[in-house]
Structure formats: structure tokens, C-alpha cells
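Engineer: Got a structure for you, questions after.
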Amino acid sequence: SAIYELSCEAYKHLGKTSNYYWIDPDGSGALGPLKVYCNMTEDKVWTTVYHDLQMQTSVGGNSPEKLSVLQLNYSATMDQISAITSSAEYCEQFISYSCRMSRLLNTPEGNPYTWWVGKANEKHYYWGGSGPGIQKCACGIERNCTDPKYYCNCDADYKQWRKDSGMLSYKEHLPVSQVVVGDLDRPGSEAKVSVGPVRCQGDRNYWNAASFVTSSSYLHFSTFQGETSADISFYFKTSASDGVFLENLGNTDFIKLELKSATEVSFSFDVGNGPVEIVVRSPNPLNDDQWHRVNAERNVKQASLQVDQLPLEVRKAPTEGHTRLELYSQLYVGAAGGQRGFLGCIRSLRMNGVTLDLEERAKVTPGVKPGCSGHCTSYGMYCANGGKCVEKYNGYSCDCSKTAYDGPFCIKDVGAFFEEGMWLRYNFHSPGTSVKDLVSRTLLSSADPEITAPDLSLNKEELSFSFSTTKSPCVLFYVSSYTPDFMAVLVNPTGNLQIRYNLGGTKEPFNIDIEHRNMANGQPHTVNVTRNGRDIVLQLDHYPPTSYSLPATSDIQFNSPKALFLGKVIEIGKIDQDIYKYNTPGFTGCLSRVQFNQIAPLKAALRPTNASSHVHIQGELVESNCGASPLTIPPMSAATDPWHLDSASADFPYNGQAIGDGVNRNSAIIGGVIAVVIFTILCTLVFLIRYMFRHKGTYHTNEAKGAESAESADAAIMNNDPNFTETIDESKKEWLI
């Protein structure tokens with residue numbers, strides 16, 4: 001059977017991005033795995049469980065019945081959801097009641113008309129935005145209800161539609177399993193009910209940890225009840241070569257887990273037939289200060305031990321003899337009975353599906369500290385594209401501020417769609433910053449920070465971005481200076497890419513022309529340009545990098561850089577003739593993840609950062625990943641990805657909201673295609689009829705130019721990329737059709 005992770009938090013620490021995953025909240029306990037949506041945001045991990053009640057479910061409308069009961073069926077059992085809510089730090093569920101002459105909580109006798117049923121079949125008389133014991137809606141707490149005499153908008157009993165909605169966030173009461181609507185028996189009474197999915201954030205068990213500072217420190221807990229079956233799992237991290245993880249004794253029976261050497265973990269026990277020991281030997285040292293996972297199980301048939309992904313060691317139990325593990329002493333975690341205890345960190349210690357609260361116990365125990373540090377040593381590699389790993393008390397996060405990306409792992413391109421005539425300028429120094437400040441901060445020049453403005457120069461640059469366009473010629477990227485020096489990336493009239501450097505010392509600018517490759521084909525293309533002194537390396541898409549050299553007479557200093565332009569160059573003074581020509585009408589298309597040395601101009605424009613004051617935009621910048629090159633995110637094939645799930649599997653009841661976005665987009669595209677086909681058939685019929693009746697003139701149809709490109713990679717990218725939503729703007733529509 002597949003081993004599922006315990007929570008979404010665990011998947012994030014395998015470097016997984018947002019998706020549907022199977023989780024098993026109690027390990028090999030009785031609950032079994034369930035499928036949830038894990039939403040990995042920059043600093044939090046959300047676990048979402050859906051149900052089958054449609055949003056805006058109508059109730060009433062002249063129905064004779066007194067009560068209308070709406071039942072919610074989840075894609076998980078109530079026990080499974082309880083396991084998630086109890087280990088979460090925070091949970092919420094949206095609830096909304098739209099009403100027309102249908103009161104919500106207001107009754108003359110004091111019993112509400114409408115209530116909801118939560119965990120353990122308890123009735124609750126508070127509504128979204130309010131809390132337990134407060135029979136009010138959100139507007140009653142904020143004191144802004146339609147009629148100030150009542151505590152809910154619906155209680156005013158108006159003939160117009162009103163609404164009471166908000167979050168239920170008392171997690172001990174969640175999830176909502178039923179909504180019972182009561183005020184429907186008058187003519188004209190009707191209501192609509194919406195309940196969102198249950199969303200939980202954080203996993204207290206996953207990060208529940210303790211650091212053992214001396215080899216004699218230990219934590220003690222009540223006796224482990226594992227007579228016929230024991231299931232123990234935990235993570236450890238150490239630089240010591242040996243030590244006892246945990247031990248529990250009986251008269252002669254015992255159970256024990258220890259690190260025997262730098263490469264050996266041992267699981268030993270005695271149920272009355274003599275001691276048994278299972279050892280897993282690792283080819284690599286386990287005392288490398290990285291997290292390692294241990295899973296030990298014992299039942300009447302067999303015992304097993306697994307460390308990380310190493311092969312499982314199994315030992316069959318003898319056919320006769322004792323089977324019950326009888327323990328009396330307390331359970332010791334760390335040094336037990338004068339043995340050398342474990343030094344380092346243990347976290348997420350689960351015994352038969354229950355997480356032991358190491359953190360609480362460590363707070364009152366000398367020699368043991370609550371929590372752990374140094375998560376970046378284990379998980380820092382998941383912060384991609386120059387993102388920096390930041391230590392947090394419980395885990396880590398990736399700081400993407402110095403990159404052109406965002407998202408939890410700095411792998412989401414930040415890009416935009418440029419309409420014709422639109423441009424962006426990034427000034428290297430905003431008014432009020434001294435130039436030497438700027439140099440040391442943004443351009444990472446190797447020059448001495450004491451230099452003054454006219455002397456500021458670069459002898460190396462690093463530029464990377466991706467783009468897509470169907471119009472040529474155009475200016476993609478340009479850096480101006482206070483001198484005649486400039487650098488430009490252009491698409492020439494034939495659609496080929498050109499890199500142009502003018503650093504002085506040569507009559508004409510130095511050009512690198514990439515012939516025979518049409519870059520204005522609407523596909524995303526990746527460009528990386530690195531210059532170090534005279535040497536320039538260019539990498540285009542997935543082609544091998546090519547090297548070029550500036551002419552011997554050329555200067556190798558880029559003197560006094562002033563501003564960076566995207567889409568068009570609007571600069572005072574003399575400007576290169578070709579660039580001047582390419583400026584009209586300007587660039588139309590998409591640019592993504594633009595980074596020049598330490599500057600990410602598009603990100604500064606689209607995400608408010610301290611660099612945003614440097615940016616000036618002409619026209620409206622629409623965020624879009626239409627220029628994101630698929631090369632930056634290599635898709636894992638379903639066959640090789642062990643966690644691949646068919647997210648649309650039939651056994652999974654979706655919430656209407658969750659899938660609506662995809663359905664609308666797909667049906668829009670399908671509808672569009674059908675419309676085009678019908679239109680083409682009608683046109684053809686008209687032409688045929690005209691032809692048959694006229695017997696003169698030539699018969700021809702002008703097929704739409706983009707017809708064959710509908711099957712192209714562009715359409716494929718648009719159809720497959722879930723982020724490609726509202727940004728299919730005017731210029732794209734002509735491709736889609």
C-alpha cells in the first residue's frame with residue numbers, strides 16, 4: 001500500500017506545489033487516507049475539504065413544508081475531518097444566507113428559525129462572522145444591520161433580497177454537516193444558502209518538536225498502551241552518532257528505539273519470547289543534521305522498521321508464544337535508565353496515531369528546549385531562482401524579494417501583457433538616493449562604492465526574461481545611460497532576435513544577430529544574456545549557450561547607466577536610428593520574469609515593494625503569465641511523479657466553486673470553436689449558393705490565418721495552464737479562434 005504523508009504541511013516540505021493530494025492524518029491508524037486540496041501560499045499551507053452542496057442552493061418558494069434540511073456530504077468522513085481540524089492552527093468555513101421575507105435568527109420566542117449542525121451533531125445558533133454563544137450575524141456584531149432593531153440583515157423581513165454571510169472559525173464546531181432553514185411557510189418567502197469548503201491552516205503536530213541539549217535529558221509520558229499493536233513514527237535531526245530515542249519498560253517486556261551508530265537505527269522489543277531487534281543500515285550517515293523519518297510497527301503477526309525511503313526491514317513473529325506487550329513504567333523520550341540519550345531534535349512523534357506534545361512537556365523540563373532550529377539546512381533547496389530560505393520557529397519560508405518570481409518556492413513567473421504603445425521605465429536611482437547607495441544596493445557593481453555619479457559603470461551584466469509576441473519589429477528591453485552607452489534586445493523586421501551593445505570605442509554598435517529563428521511566432525521564448533568584460537554568453541530557449549566577444553577596440557565599461565525600458569524607449573537626447581524606427585508602434589505581447597542584475601522591473605511594477613518608486617508606466621499594465629516560458633517549469637510526467645493524482649477523478653464530489661473556473665474557461669473555448677465551425681459552414685454554403693447561381697467568378701474562401709495554430713503549443717499552454725485565466729486579452733483572442 002502507498003505511504004501517504006500525514007498532512008499538506010508534509011507535502012510542502014517535499015517541495016510540492018498546490019494540488020490535490022492524499023493525506024493520512026493518523027498514519028496507519030484506523031482513519032485511512034483522504035483526498036484534499038493543498039494550497040501552498042507564500043507563508044501558509046491551507047488544507048481544503050470539499051462537499052457536494054451547490055453554492056446558492058434555493059430553498060422555499062411557496063413550499064408547504066415547515067423546515068427545509070440541507071445535507072452536506074463531504075469527500076471525507078467526519079472523523080477524518082476532525083483529525084485535520086484538531087491538529088490545525090486555524091480553520092474556517094464560509095456560510096451565507098440570502099433571503100427574501102425569510103428571517104434567520106430572529107424569533108419572538110427566542111429560538112432561531114434557522115440553525116446549522118456541526119461536529120458531533122451539535123446544533124449551533126450563531127452565524128458566519130459571529131462566535132459561539134452569540135446569537136447574532138456579522139452585521140449585529142459590527143452594528144451595521146439593515147434594521148438596527150435586529151442582529152441580522154434577514155431578520156428585518158424585507159421583500160427585497162438581503163444577505164447575511166461570514167466565516168465560521170470556531171474549529172471545534174466544524175465542519176457544517178447540515179443547514180436547517182425554518183422561515184419558509186409564508187407566501188413569497190424564499191432563501192438561498194451557500195456553504196464553502198472547510199479550510200484549515202497549519203499543522204501543530206507536524207512541527208511539534210523538542211531539542212535535547214544533553215545526553216542525560218529526557219521527557220516522560222504516561223505508559224504506552226500497545227499490547228497487540230504498536231505504530232510509532234517521528235522525525236529526528238542530529239549531529240551525534242548515537243543515543244536512545246525512546247524506551248518503555250515492563251517487568252521483562254520492553255520496547256525501544258535508538259540510534260545505534262551514525263548509520264544504524266534499531267527497533268527492539270520483548271513480548272515474553274526473548275528480545276527481538278530489527279536494524280536498518282543506511283548507506284549515508286544519519287547524523288548529517290538533516291531531518292530523517294523513522295517508522296516502527298509491531299503487531300501479533302510481524303514487526304517492521306523503516307528509515308526515510310530505505311528498504312523496509314520486516315521480522316515475522318513466532319507462530320506460538322506470547323503476543324501481548326505488557327508495559328508498566330513511564331514512556332521515556334531521550335535518556336532512559338542511565339543510558340546515553342539522543343542529542344538533537346525530535347518532532348512529530350506519533351504513537352498509535354496520537355501526537356505526543358513534546359513542545360509543552362519540554363517547556364517545563366530542564367535540558368530540553370521546545371521547538372527546533374535550522375530548518376533551512378533541510379529545506380533550503382526548495383527555494384528556487386535565487387530565493388533565500390528564511391528560518392521560522394516552525395518551518396521555513398522562501399524570500400523571493402530579490403528575484404523576478406513569487407509563490408511559496410519562488411517558481412511562479414511574474415509577467416504582464418503589453419498593449420500597443422505601452423511602455424515601462426525603471427529609473428536606477430529615484431530622486432533623493434545618492435548614486436553610491438544605489439550602486440551598492442541594486443546593480444551589484446564590483447566598483448568601489450565611493451565613486452561619484454559620472455564614474456558609475458558596470459563591467460558585467462546579467463539579463464534574463466521570457467517573452468511572446470506576433471508583431472515585429474519591436475524593442476523588448478533597453479538600458480540607457482548618461483553617456484552614449486546603451487544595451488538593447490530587439491526583434492528585427494524579419495522576426496529575428498538581435499542583442500545590441502554600444503559601449504564606445506567602435507564606430508557602430510556591436511550586434512549579435514540570431515538568424516533563421518522567427519521569434520515573433522506567438523510562442524514563449526526565453527532569453528539569457530550574461531556579459532563579463534569582453535565576453536558575452538547568450539542562451540536562447542533550450543538551445544546550447546553561445547559565446548561572443550566584443551571587438552578589441554570596444555570599451556568594456558557600461559558607463560553611467562540611467563534607466564531601463566521595456567516595450568519602448570522614451571529617452572531624451574540622441575537615440576540609435578534603428579531603435580527609433582522600431583519604437584513605433586511599439587511592443588505588443590507578453591514579457592515575464594524580467595531580471596537585470598538584482599533588479600526585477602516588472603515585479604516592482606506589479607507587486608508593491610520598496611523599489612516601486614523607481615517605476616513609471618505609460619498605459620495599463622495587465623498582469624499575465626502569457627509570456628511565461630514553459631521551459632522554466634519542467635512538467636513532471638504522470639508516470640514519474642509518485643504523487644500524481646488525476647485531480648478530476650470521478651469519486652470526488654467537488655464544490656461548485658472549486659471547479660467553476662476551469663469549466664467556464666473550457667466551455668468558453670469549446671463554445672468559441674463550435675461558433676467558428678458553424679460560421680465557417682454557413683459562409684461556405686453562402687459561397688456555394690452564389691457560385692451555383694452565378695456560374696461565374698472564382699470560388700474561394702479565405703481561411704482564417706490562425707486556424708492551424710489552434711492546435712499549436714500556444715493553445716495547449718493556454719488550455720493546460722490553470723493560471724491562464726482572465727488575461728486572455730484582445731490580442732490573444734485572435735489566436736484562440
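Note: Cβ is positioned from N, Cα and C throughout, glycine not excepted.
All annotation found in TrEMBL is predicted automatically rather than curated by experts.
Annotated domain 'Fibrinogen C-terminal' per TrEMBL: 1-51, in sequence order. Residues or ranges marked as domain 'Laminin G' by TrEMBL: 208-372, 440-626. Taken from TrEMBL, the feature disulfide bond covers Cys345-Cys372. The domain 'EGF-like' annotation in TrEMBL covers 373-411. What TrEMBL lists as transmembrane segment is 668-689.
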Engineer: Which residues does Cys372 (disulfide bond) neighbour through Cβ under 8 Å, counting only same-chain ones at least six apart?
Structural biologist: Ala209, Ala210, Ser211, Lys237, Cys345, Arg347
Engineer: Taking every residue in the domain 'Laminin G' (208-372), what is their average pLDDT?
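Structural biologist: So the average pLDDT across the domain 'Laminin G' (208-372) works out to 88.
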Engineer: State the count of C-beta atoms found within 10 angstroms of the C-beta of Cys345 (disulfide bond), not counting that atom itself.
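Structural biologist: Its Cβ shell of radius 10 Å holds 22 other Cβ atoms.
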Engineer: What is the three-state DSSP composition of the domain 'Fibrinogen C-terminal' (1-51), stated as helix, strand and coil residue counts?
Structural biologist: 5 helix, 19 strand, 27 coil
